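Worksheet: one structure, shown below.
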Amino acid sequence: MQIQADEALLLSELATLATFTHAEPVSEGTAVTRIVFSPDDLHARAWLKQLATAEGFEVRADAVGNLFIRWSGTDPSLPAVATGSHIDAIPHAGMYDGTVGVLGGLEAMRALKRSGLQPRRSIELVMFTSEEPTRFGIGCLGSRLMSGTLDPKQADALREANEPADTAKTLVEVRTAAGFTGDLDSVRLAPNHYHAWLELHIEQGPLLEREGIPLGIVTSIAAPAGYRFTISGLGGHAGALLMPDRKDALCAAAELILSIERHTLATRAIDTVATVGTCDVHPGAVNSVPSRVVLQLDIRDTDPARRESVMQAVRSDIEELRQRRSVIITEQLINADAPAQSSPHIVELIEEVCAAQGISPKKMVSRAYHDTLFMARIAPIAMLFIPCRNGVSHRPDEYATPADTTLGVQVLASVLAKLASE
Ligand code: HGY
Ligand code: MN
Ligand code: MN
């Protein structure tokens, strides 16, 4: 069976998808901002549905907007084989994160169809809602709900993370306005709803390119955790409030951020990473002493116990900070997830396909999280990585070569075909 991905079609579709954006064009690459349920996201979803129906695939959306594009197999009663990813993009991102797995998955299905394959098991492409945490403060909303990792009522009550509290809309308001109604309980899929799950994604790191290897096999996915810290001090006039009388929330926040960095580095483990990516200062006036600061922490590790040990060390620093600076510091857990291991069987199939195509893949950890992290709760999983230039991602200069992208799609298609015949 000759499987041949249509590279030109795939590249043109990736370029078209990149036009659904509200990012200002930049010189260093293709800037994409596509926030979940924004007009650009909704237009992109409608366009994707058109591509799928044009190919004769069945299309359905669930109550939170996860999109399912299905190619029925000869025995449709069997659990399907699934692939997919996301098309939402953080502000000023690139055009390959997630989209390679969605459009690459679609092209893999089309290439298999063109090859004359009649899959025994249905093959389903999933486009997840809100893989990025940008709008609602937590990533992988769609796959968390599918896998039962997030309580539906808590999910619907999530508020827009970057809007003022008094105007921030809830998920239920936003999804309903976007046309996704129904009870979020209905999003959950039974364990082993799928026979197997396989996601194609750019590496978002430098290793494959650095070692000149065209394909990565993800053997485990690091475990992310998210926390929100609110530091409350005493505001006041930048001129009249004397230093000894101050309880400057931003100075306390600065010490907290450095404590997080110090304790993360102290593990001396390459897999422990932490980022305070947002810092909201109130009132945010140059001549007003900050009275309140909200920080969002993203901390990850392949070893959840080591990740927790960093948090414990930070908490003891927080206690000292509270006393010395007379500030109030509250911690809110957003998520603390377990890592995921890939299915040895699927990894073996990928290795067989690579050997047959003369490819020597690299086994590796994914430090970025993906919807696959949550699909691992309900199905055997694996991921395929393709190189990205200089390891850059979440930036407009994010780039994957046509050759690497096409090869990733070809391997994906071959593994899907094997899984669908099981
Ligand atoms: O942050 C991540 O790991 C993913 O790209 N959302
Ligand atoms: Mn991303
Ligand atoms: Mn991604």
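Cβ coordinates come from backbone N, Cα and C, glycine included.
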Which one of H195, H201, H237, H263 goes with H86, D97 at the Zn(2+) 1 site, as TrEMBL has it?
H201
If TrEMBL gives D97, E132 as binding Zn(2+) 2, which of H370, H394 does it give for that site as well?
H394
Listed binding-site residues: D97, E132, H394. Which have a CB under 6 angstroms from an atom of ligand 3?
D97
May I have the DSSP-based helix, strand and coil counts for the residues of the domain 'Peptidase M20 dimerisation' (225-320)?
38 helix, 34 strand, 24 coil
Please tell me which one of the binding-site residues listed here (H86, D97, H201) sits closest to H394 (Zn(2+) 2 binding site), measuring Cα to Cα?
D97
Same chain, 6+ residues apart, C-beta under 8 Å of the C-beta of D97 (Zn(2+) 1 binding site), given in sequence order:
A89, H201, I202, Q204, S393, H394, E398
Cβ packing number for E132 (Zn(2+) 2 binding site), 10 Å threshold:
22
Given E132 (Zn(2+) 2 binding site) and H86 (Zn(2+) 1 binding site), what distance in Å do their CA atoms have, once rounded to a whole number?
9
